[in-house]
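Undergrad: Could you have a look at this structure, given as structure tokens, before my questions?
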Amino acid sequence: MTTDPESSGADSSLRRHSNAMAPMDDYRHDVMEKGSVLPIPVDALATASPVSPSTVDVVPPLSPLLTKDIVLSGDENTKQENKKELPWLLDYGSHLVHLAVFGILGVLTRYGLENLFGPGVIGLTSDQSVLYIELAPNMVGSFLMGWLGVVFKGDISRVSDHLAVGLTTGYLGSLTTFSGWNQRMLDLSVQGKWAVVFGIPIGFILADYSIIYGIRTAKGFKGFLETSNVLPLSEPSSFKSNGKVEHFKRQFAVMFVLLLTLGLVWGAGGAFVKREFGHGGSGVQLLLGCIVGPFGVWIRWLLARQLNGRGFGKSGRWKWLPFGTLIANVSAACLMAALATLQEAVRKNILQIFAFG
């Protein structure tokens, strides 16, 4: 009798498979009789599967990028939990103190840039020119806004949200000024110098290109830092491992130092202004600006926090328009115009000091 080669090959394959399954059957029989659980032999596992390895669904390992995303998301979740555990009063107070101190730094920087580019040193800007005295601070502030407020804001926020708010709303908000520029143009128009029609577009264009150039240079520098493995920024590992208690202590310590700095500036500045207020001068105006500047920063931050991105009406139209910031700038411009009008009418030195301060 002749035997089909294919059937004989299949029979031999089945016999090999049944022989491989025999140890597993004996093992199950022993376990059921004795009621004990023994480790499964590795050889049995290796030979028991009737399925070809090529047909088994293999779960691919996680890619390095996916693993990195999971680790980063875990770190972010931990950090968010720490932030949520921060007491409301401490978190709110930290925001206010950061805004105040960095707002004072912005006032000092603006004063220095106005004097540097003004008639006293370089002579590029002037009160009587379309290149108004606040042009240099506005351009520098817009350039830094591209760095700190657009490109690197996320990296700074990963280190500290309070620092990011202090730098953008506090420092850059005090460095740049819409109301001062608007008032300069208004003063020139009142004096009959209609070259002011060039000052308005010049101010817009230069500020716009400053922030665009700031964004481009910041992106290039950030790309260099990323290739050098410096970015992304994050809290030091020691801070993360110490937990919520250390996070609370660090926030409290930073707020205490900033409060002490703010108190010293207000105390010394108030004493100097009280003594020299009647004599006037740029020093009194500068210190008065440092004293009242934080209040303007707080108002601008609160308005932006409550109104920006909310839109208009119940339907939330025009969400792209920052109503809070717009209201703050228009209100400051109206206040500057009112002080300038009173100054022209009364001719009092005190009003000039308040207006410039």
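The backbone N, Cα and C atoms fix where each Cβ goes, and this holds for glycine too.
Bear in mind that TrEMBL entries carry predicted annotations, made automatically and left uncurated.
Note that the structure is predicted; figures quoted are calculated from it, not measured.
Pulled from TrEMBL, these are the listed features:
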type     : residues : note
COMPBIAS : 1-11     : compositional bias 'Polar residues'
REGION   : 1-20     : region 'Disordered'
TRANSMEM : 89-109   : transmembrane segment
TRANSMEM : 129-151  : transmembrane segment
TRANSMEM : 163-182  : transmembrane segment
TRANSMEM : 194-215  : transmembrane segment
TRANSMEM : 252-272  : transmembrane segment
TRANSMEM : 284-303  : transmembrane segment
TRANSMEM : 323-342  : transmembrane segment
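Tell me about the setting of these features in this model.
TA: Distant neighbours of the transmembrane segment (129-151): 106, 109-110, 113-114, 116-118, 167-168, 171-172, 175-177, 180-181, 184-185, 188, 195-196, 198-199, 202-203, 206-208, 210-219, 222; these residues of the same chain sit at least 6 beyond its ends, with a Cβ under 8 Å from one of its Cβ atoms.
Residues 90, 93-94, 97-98, 100-101, 104, 162, 283-284, 287-288, 290-291, 294 of the same chain lie 6+ residues outside the transmembrane segment (252-272) yet bring a C-beta within less than 8 angstroms of a C-beta in it.
Remote same-chain residues near the transmembrane segment (284-303) are listed as 95-96, 99-100, 103-104, 106-108, 111, 165, 169-170, 173-174, 262, 265-266, 269-270, 272-273, 276-277, 324-325, 327-328, 332, 353-354, 356-357 (criterion: CB distance under 8 Å, separation of at least six residues from the stretch ends).
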